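These features come from TrEMBL:
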| type | residues | note |
| --- | --- | --- |
| TRANSMEM | 28-49 | transmembrane segment |
| TRANSMEM | 76-101 | transmembrane segment |
| TRANSMEM | 131-148 | transmembrane segment |
| TRANSMEM | 168-188 | transmembrane segment |
| DOMAIN | 177-283 | domain 'Fatty acid hydroxylase' |
| TRANSMEM | 239-260 | transmembrane segment |
Amino acid sequence: MKRDSGYSTMAAQQKQEEKLWDAVKTSAMVLGTGLLIFTAFMNSASWYVQKIWETSGNFWQTAWLNLYNLFEGKEWSLFLFGAALVPALAFWCFNGILMVADVTGKPTFITRYRIQLGKNDPVDTKKLRQAIYTALFNQFFISLPMLVPMFHVMKWWGNTFSKELPTFQWFLVELSIFTVTEEILFYYSHRLVHLPLLYKHIHKKHHEWTAPIGVVSIYAHPIEHILSNTLPVMTGPMIMGSHIVSIAAWFSLALITTSISHCGYHLPFLPSPEFHDFHHLKYVPALLSPPSCVLSLLTKLLLENDLCISREACAAHLLADQNAIRAIKQSFGLTRFLLTSHLTASHLADFCASTSADLETSKAQTHS
Ligand SMILES: [Zn+2]
Ligand SMILES: [Zn+2]
């Protein structure tokens, strides 16, 4: 009996080990296949992007050289143009469109994606004017003077005004480093200004807008504008000694991204701003964005449902995503149709050409 039970225990153990081994094999296979598909996708995606970049690379290089010659290589002028004017134009053009929607409620395709329904519908123009003044003040009297020490750091690196543009791959590497640096610094500086004493005297101004709009992204106390808005964005390029063209692209991207997270609309194709919108509405320090893109993305995915401000907003948000997915599917379908119809047409043309060539040859042979 004892021996039997010993055998059965051993058999059960063996079975369990086999099961475990099977599970390991299955997981390895799934992970391996996933990794392979992911790598293949990334390789082909980066190959296509690289090809597009190579094709247009000459255009960008020529454009940069033209600009360099236009400014006669004056580094300070080039720096002001790339690090101040281009990002400011990107910010005000993007926010200009959002402000039209906030003030007039038009175009309706934007306003139907509003997160906090009934808020800023239309926006209080007196409050808006005040936000614009503060934003302009921060850009002119805080961000602009901060470019002076940055310019000297960049000159020390000696690469910022090079006549040769960085490669596309290097720009992508830099962009990832800029993003991670900005997320970490923003997270800790934002936590800092949420300390009761600092909140009362500094960060409260930014939180006056419980339903934020795009321009509110830089509506902040000067100290907050230095600590949370400007330094985190400037640090990446200063560590990397980046080219002015990369700085211009990064600053513009950072300003547009922060405008999106304050815009108050969950627009299709754009990242959801509900996370930061909720932070403004409820003022919950625990919901500050976490210090990395991956963590931030994960938290957003895990907490998104809890962060829906109202059932209506949640429905609008889901509808926005569904519409975006439908539009992507439709554009894929159209591209596939165009590609296949193009292939069919070109095959048909090839076939016709070869048939007529054959016909000509046989005619010639018959005559001879
Ligand atoms: Zn805050
Ligand atoms: Zn904010």
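Positions of Cβ are set from backbone N, Cα and C atoms, glycine also.
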Between the stretches 76-101, 131-148, 168-188, which wins on the count of C-beta pairs under 8 angstroms to the transmembrane segment (239-260)?
-> 76-101
Sort out the residues at least 6 away from either end of the transmembrane segment (131-148), same chain, that have Cβ-Cβ distances under 8 Å to it, and list them.
-> 79-80, 83-84, 88, 91, 209, 213, 215-216, 218-220, 222, 225-226, 229-231, 234
Across the domain 'Fatty acid hydroxylase' (177-283), DSSP yields 80 helix, 1 strand, 26 coil
